Amino acid sequence: MTTNSKSLNLLQSLTCGICQNLFKDPNTLIPCGHAFCLDCLTTNASIKNCIQCKVEYTTYIPNHPLKQMIDCLDQSSNNNNSNNNSNGENTNNNNNIINNERSSFNGSNSNSIIGFIEGLSDSTSNGRRFSQQDGLRYSSGLLDGSNSGGSNNIRYCMEHYEHYYAFCNDCQAPVCPSCLLTTHNRHGMIPLTKDSIATKMKEYRDIVQSFKTKMSQYKDNITLYQKEIELLDSTFLQCKQSIQLMISNLHKVLKSRETYLLKEISSIHYASHMELTDRSSTLENEISEMEKLIGNGTDKFKDATEILNNQNLKFEFLEQFHHSRTQSKKNQNQDGLKPLFKTDLLFYKANNERVTEMINGTLGNISLLTFPLDDIGEVNIWDEPKENICIEKVRTNSNGIEEFEVKYGSLNKLIERLCLPNCYDDNYVNIFLLTYHSFCSSKKLLKKLIERFTIPEDLEAHGLTLASIHEIHMKIRSVLVKWINEYSPKFDQDTIHLFQNFNCRMQSEYTSIQEIENLLLNSNENSPSITSSQSLSSQSLYSQTNNNNNNNNNNSNNLQPTIQTNQTLSSNINNITISNLNNSNLTNNGTCKIQNSPPKNYQQSNYSSIFNGPSSSSSSSPSSPILSLNSLALINGNDNLVFESPLNSPRNNNNNNNNNSPRSSSFGASSALKFNSNNNSLNINSNMGGPYFPSPSSPTTNNIPNINHFSSRILSSSKNLEFNDIDEFEIAKQLTLIEFENFGRIKPIDLLTCVDLKHKTPHITNIMERFHNISTWVSTTIVRGENLKNRVKIVNKFIKIAEHLKNLNNFNSLTAILVAIQRSTVTKKDLVKQSVKIITDLEKLMSSDDSYSTYRTRLAQCSPPCVPYISIYLQDIMDLEKKNPSNIIVQTSSNKTQEFINFTRRSLISKVILDLASYQRFGYSTILPISNIQEYLNVHIDEL
């Protein structure tokens, strides 16, 4: 078998790989060395790669030794053929051919390769010679010789007319030697012996038997499927009949329904036609009546000439009226009450028929001087039922005063509570003005306040007295002043016009409101956003009013009474006028004292609110809106100015009695605060005797470090600064100043309108993008380290910066840096022990476990200034809005329900907003801003 394989390999090496025949003019390819026939290479000249090794060849040369070998083989083959023909061996059977093949394959080493090929050539030629004789036998499938011999049970190849030599296991077919050298080259072969043939026959029988078994199964399945098809056909017929029946029934039903609906439509059409006919007749009657009224009105307009001729009478009335007003002002200390404009008109109307006739003809009926609402069918605020508001008692404070809380109510009742006589809840006013955007527009709120300002004719039906009317008017004025000064909403032009009209009316009855005039002035200057100017205190309003009174009456300066008030405005409210109210100030014992001159330590910024941030003392510079918690304490007359309300954050619940706490400081205490324009923070007035809050401590030093050791680099351009050149504490301080400036711009309306994180305002978007940019800046700076050692050094520096931020109470930037460090490639194993301890403590501090309980505890204990983590407040507001619906449906009767505004939801949300706003009151006044470092931080952070 070994000799056979070698001989076949040798024969294959003498065969061309293209034509699969012995070489004819063999040529060798350069450089691979494979040989092919010259004709084959010429025919396939377009192929530049070798057929066998696929290597590109450059040229080919004749292979003379191989050509000589082929010639020798051909010559030997011709000699053998001639010898076979001469000896008459045409009658040899197939056994001689097989024996020759086996002798050639299994011959000894003495046989030469040429002799083997010659013998194979002889057997091949003999095979071709016998093919003509055995063609019929081969085609009929008969065997040559006896069936007992292994070599006798062989057939012939139909292609080459040679005896089968072996069985190709890959192709599953018998092959002859020529097939073995050509198409079945290098395939797995099985010799054709009796045992192998028997084994294959057994395998084929098993396969045939399995096929027969499967065929029987398929026949059985076909029978079953035919039965199923017959069953499905019968079922299909039944379903078809049932569907046809249902369709016919449905058609009948629809036909009857169509007939019924057509009858109904015709009846409705007839009824509507009759109704429209009746309405048209009614409208025609009304039109005729209106034409009559128009004719009567034309007659009345003709009488206007008579009114114009009575100018002397009008001037006489106005002179009398002015004289009465002047006399009333002189006698206000004796009467105890300032006469009202409407009261004077009613007096003259009742006592002078001619004047009454003139007023009715020119000004119209006084009772009709009400504000026309745009909402048709809306209930007037004076006609709203009393039960449309729910108020519950919350607690009794230390002074024995009962405190109430509004749960829900209608819009009219909620606005009415803003200016109830003998009752003023400063907490309620703050909550309402803080959250009214969620259920009411600014224009509608102003309309309702004007509607409340307009007193109805029937005073007794509403339980009103002159004192209560005056108190309602004063509280409406105070609410408007507080609304414009402290909350500074953006008003549209319609609302601005309403303010202007109301201020003109207010000027005719009392005095104009300076805040509204400033608002109108800003709107006339075409400012981009209609906001209030720098807030004026009630003392500035006093100065305006007092100057006007001095011009009209020189004797009014000597008539300034002093009034002592209690916890609420009761009997002494009759003695308070708009002029002395604006001059009021709180004494040390908690009483309200009216004085002629403004307080000595008065500052215009005292009445700013904490949402406005620090403001300049110049009235020309606009300020962002802030919220003051006790700005109406002067009007309320409360002897305790410390803000104690349910709106206080939980951290103040245990320290309500501690008046020295910076978070519970009174409104008056903030008068020592002054705006520092350099760093947008609050400086402490020297009159306070020292700083109001201690400076934030640092892990390196408790004082502000001297930066002279790197001042030469800092004072240079920020482009020359490098991260490693700047001190960690200085980076933390300048970053805190920038963050506090962005934090101070947040307004209450921003927190009310962006909690869904889809429609964020620019201020919220800015601070959230800043948080992301800081985190990205830290990650980028760490990655820029050339190797692990440099990256570890950068991480250690950022850890120190984070610790300084913690001591500066800048928790927002601290969280951004922690997020970047946690996702960096530098692990705690690479850091020094001190840095590992610091980063572990910081991670525990800002951990989100138990809803940031550790952070909330630290925040409650820290002293301002502070930059809290903003995302927590946004999440708290979102949770409150999900748990508390905007409106509440209450069953007012057995079969009637009514929807009210859920004011509890607004109170809870205002807690969060006021808690956040409390940190905007106090800035980092002790930190020196360095422009180059801030520019470096802004450039490297914002560019990301």
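Easy rule for this one: first residue shown is 1, then count along the chain.
Cβ atoms here come from the backbone N, Cα and C positions, even for glycine.
Note that the structure is a prediction, hence the values are computed from the model and not measured.
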Swiss-Prot annotation (coiled coil) - matching range among 106-138, 271-303, 502-534: 271-303
Neighbouring C-beta atoms (10 Å sphere around the C-beta of CYS157 (Zn(2+) binding site)): 19
Zn(2+) site, defined by CYS157, HIS160, CYS179, HIS184: further same-chain residues with Cβ within 8 Å of the Cβ centre: GLU159, GLU162, VAL175, CYS176, PRO177, SER178, LEU180, THR182, THR183
Residues of the zinc finger (16-54) by DSSP state, where helix covers H, G and I: 6 helix, 10 strand, 23 coil
Composition by DSSP (helix, strand, coil) of residues within the zinc finger (152-192): 5 helix, 11 strand, 25 coil
Overall pLDDT of the coiled coil (271-303), taken as the mean: 84
Neighbourhood of CYS179 (Zn(2+) binding site) by C-beta distance under 8 A, where only residues 6 or more apart in the same chain count: CYS157, GLU159, HIS160, CYS168
Packing count at HIS184 (Zn(2+) binding site) (other Cβ atoms within 10 Å of its Cβ): 18
